[in-house]
Amino acid sequence: MTKNQALRAALDSGRLFTAMAAHNPLVAKLAEQAGFGGIWGSGFELSASYAVPDANILSMSTHLEMMRAIASTVSIPLIADIDTGFGNAVNVHYVVPQYEAAGASAIVMEDKTFPKDTSLRTDGRQELVRIEEFQGKIAAATAARADRDFVVIARVEALIAGLGQQEAVRRGQAYEEAGADAILIHSRQKTPDEILAFVKSWPGKVPLVLVPTAYPQLTEADIAALSKVGIVIYGNHAIRAAVGAVREVFARIRRDGGIREVDAALPSVKEIIELQGDERMRAVEARYLK
């Protein structure tokens, strides 16, 4: 079974599929080892790793090459966050085959204007395109894919933009009609009430995708019980964990005036070498170096 088929089968199964954010291949490998079903190729995390805002500042080629590197490192499906599709429907028609060829099994595209502003800012620009325009972008994406099992996910930002439940449902239905395989509904409310209301009222046939960053109260068991949700994405926990751990270790080294105390608490160099695939390289050396 290919990665694309695995993701499609998971969506069709009715069981909850979990995806963890990653901003480089090493983090993706750790996510796979932890048992997540897939990788979320997060634009927010990649932007943060370059220390720039999540506002389409990084080029498509920068994001695409990282997705290619991640996909080549893990054996689980990669869901690529392509923001607004890097332009209009013409751009989307070009972009989708690039991500498919890079090894992604799905793309998530949101209905904001280009360039976007991050949904996580309370005072950000949350400007949405017309429904008809985004339907065209979805149609372009589905037409451009070579493999029918490649998944196109439409991300509805109406709740983020403060447009209410009715508009969010209207957009979700329109995007399903345009050919989206799933609908990602996003909210930054600190309780799950807004999302739960949307899920309850969702009349569509395609599964929903949730990103519970703002409402961590919902467990996977809670989400699975909703029955309409096919994927849960942990959208930025890798970069947040990395920043917290690095900051703590650096501060401790400065405080201690050296690494003697902190070293025992860190993964060993041997562990890092193992994560680099050293054993595989040594096997190649033994077989082919003459």
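Cβ atoms here come from the backbone N, Cα and C positions, even for glycine.
From a predicted model like this one, the values you see are computed outputs, not experimental measurements.
Swiss-Prot lists TRP40, GLY41, SER42, GLY43, PHE44, HIS186, ARG188 as substrate-binding residues, and of the candidates ARG8, ARG148, ARG155 the one it assigns to that same site is ARG155.
Shown are the binding-site residues ARG155, HIS186, ARG188; of these, the residue with the fewest other Cβ atoms within 10 Å is ARG188. Counting other C-beta atoms within 10 Å of each candidate's C-beta, the binding-site residues GLY41, GLY43 are led by GLY41. Nothing from the binding-site residues TRP40, ASP81, ARG188 places its Cα within 10 Å of the Cα belonging to ASP54 (active site, nucleophile). Under the three-state DSSP scheme, TRP40 (substrate binding site) falls in the strand class.
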